[in-house]
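Got a structure for you, questions after.
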Amino acid sequence: MTVTLDLSHRRAAAADSPATVAPETAPARTSLVGLTLDEMREAVLALGVEPKKAKMRAQQIWRWVYFFGARDFGVMTDIGKDLRALLEVHHTLDRPEVIERLVSADGTRKWLIRSAPGVEFETVFIPDVARSGALCVSSQVGCTLTCTFCHTGTQKLVRNLTAAEIVAQVMIARDDLDEWPSTTDGRALTNIVFMGMGEPLYNLDEVAKAIDLISDGEGISIGRRRITVSTSGVVPKIEELGNRTGAMLAISLHATNDALRDVLVPLNKKYPLAELMAAIKAYPGLNNAKRVTFEYVMLKGVNDSPSEARALVKLLAGVPAKVNLIPFNPWPGTAYECSDWKTIHAFADIVNRAGYSAPIRTPRGRDILAACGQLRSESVKTRASVALKERLAAADTPT
Ligand code: SAH
Ligand code: SF4
């Protein structure tokens, strides 16, 4: 193997005492976690690996990262020592920082993750859902949409997450669950749902890239049929989602007529129910084995009457569908209440009798605000003008 070694930074650090090394001379090490194979190839090329060998080296590193969950270049025994040393100088295998980890009385785990200053988002692991454990991942910090019953909807969009930040959520959960290497036997984490913070279809490029990585059978290996993307109804992106990702589709429906849906999911004013249903029916690959999930949050006195259950059945006619009834999860400041259990069961019975599976989702992790719609981080988008003022003030401050 021919590699050009540039260990100058390392030598400088070793030769000088720490006090004499100016911090700005230290190389900025970047993490390889979350990179695609092509991006890893670019990274090894940049380290001077011969172009002929770059792909193979990238494949080796990729497998260490996504199949073995490696956290240290030292374990990469099929890669020469020189290249490992060089990797160590310029890169890390760090995950973004977990700033808070909470475990609910019911076993649900929630991580608050910070990937950059002011970029904080939540990921939730829900164990034992029908013998499978689902990881609920975020696609954005905050959300541009303002569904009135959703806590995330009260947090302005800070920014889209990158594919690397989405994949890192899975890596962090796997680390915590101790599920490396990536074997399929007896895993606790079997499914991924894009039901955390944000609207995935407003960040489709990064979501699709993340799904390619997560579903790759040589790495993390969670198949596309086990990945569900939930949308509040971004109609023009629904078909594209199917074509690009092959993921399962979930629709946050919550109402069966436009007047009510306009209030609960304001995006409905842009893409009303008739257009939404047409887009759903055209979802690529839809059949009885690949059904759409309709999420329906149960709001007391708002959308939970028997006549609304019948309207729901009518709306779903001809769609391979299942319904998920979600008891409303309260959050500080909300005006909504959760429907009574009797009302939810009566609603479920009507939908069930029409031939649709309509499980009532047991609220999980409510004690740690990890249940559906309770996620929110303190990150705020600083207006550019304010950020500029802050930078100028900092520059003026005598040290
Ligand atoms: N933005 C996407 C995905 C994230 S929301 C979407 O809206 O589909 C995940 C699910 O939780 C959605 O079905 C959403 O409507 C639901 N949800 C939001 N707030 C809720 C709450 N307070 N209680 C129960 N479900 C809620
Ligand atoms: Fe955004 Fe989904 Fe919450 Fe609506 S329900 S505000 S789309 S995260």
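Placed from the backbone N, Cα and C atoms, the Cβ positions cover glycine too.
Feature table excerpt (TrEMBL):
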| type | residues | note |
| --- | --- | --- |
| ACT_SITE | GLU122 | active site, proton acceptor |
| ACT_SITE | CYS372 | active site, S-methylcysteine intermediate |
| BINDING | CYS143, CYS147, CYS150 | [4Fe-4S] cluster binding site |
| BINDING | GLY198, GLU199, SER230, SER252, LEU253, HIS254, ASN329 | S-adenosyl-L-methionine binding site |
| DOMAIN | 129-361 | domain 'Radical SAM core' |
| REGION | 1-25 | region 'Disordered' |
Just the binding-site residues from CYS143, CYS147, CYS150, HIS254 whose C-beta lies under 6 Å from any atom of ligand 2, please, or none if there are none.
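Correct list: CYS143, CYS147, CYS150.
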Compute all pairwise C-alpha distances among GLY198, GLU199, SER230, SER252, LEU253, HIS254, ASN329, the residues listed as binding S-adenosyl-L-methionine, and give the largest one in whole angstrom.
19
Just to verify a number: CA distance, CYS150 ([4Fe-4S] cluster binding site) to the residue listed as 'active site, proton acceptor', in angstrom, no decimals.
15
Got a sec? Which of GLU122, SER230, LEU253, the recorded positions, have CB under 6 Å of any ligand 1 atom?
SER230
Far apart in sequence but close in space: which same-chain residues, 6 or more away, have a Cβ under 8 Å from CYS147 ([4Fe-4S] cluster binding site)?
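Correct list: GLY153, SER232, SER252, HIS254, LEU264, VAL265, PRO266, LEU267.
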Looking only at the domain 'Radical SAM core' (129-361), what is the mean pLDDT?
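Averaged over the domain 'Radical SAM core' (129-361), per-residue pLDDT gives 95.
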Is LEU253 (S-adenosyl-L-methionine binding site) helix, strand or coil when read with DSSP?
coil
Among the recorded positions listed here (GLU122, GLY198, SER230), which has the Cα closest to the Cα of CYS143 ([4Fe-4S] cluster binding site)?
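Spatially nearest to CYS143 ([4Fe-4S] cluster binding site) by Cα position is GLY198.
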Three-state secondary structure of GLU199 (S-adenosyl-L-methionine binding site) from DSSP?
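The residue in question, GLU199 (S-adenosyl-L-methionine binding site), is coil (DSSP, three-state).
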For a quick check of packing: other C-beta atoms within 10 Å of the C-beta of the residue listed as 'active site, proton acceptor', how many?
24
Helix, strand or coil by DSSP: which one applies to the residue listed as 'active site, proton acceptor'?
strand
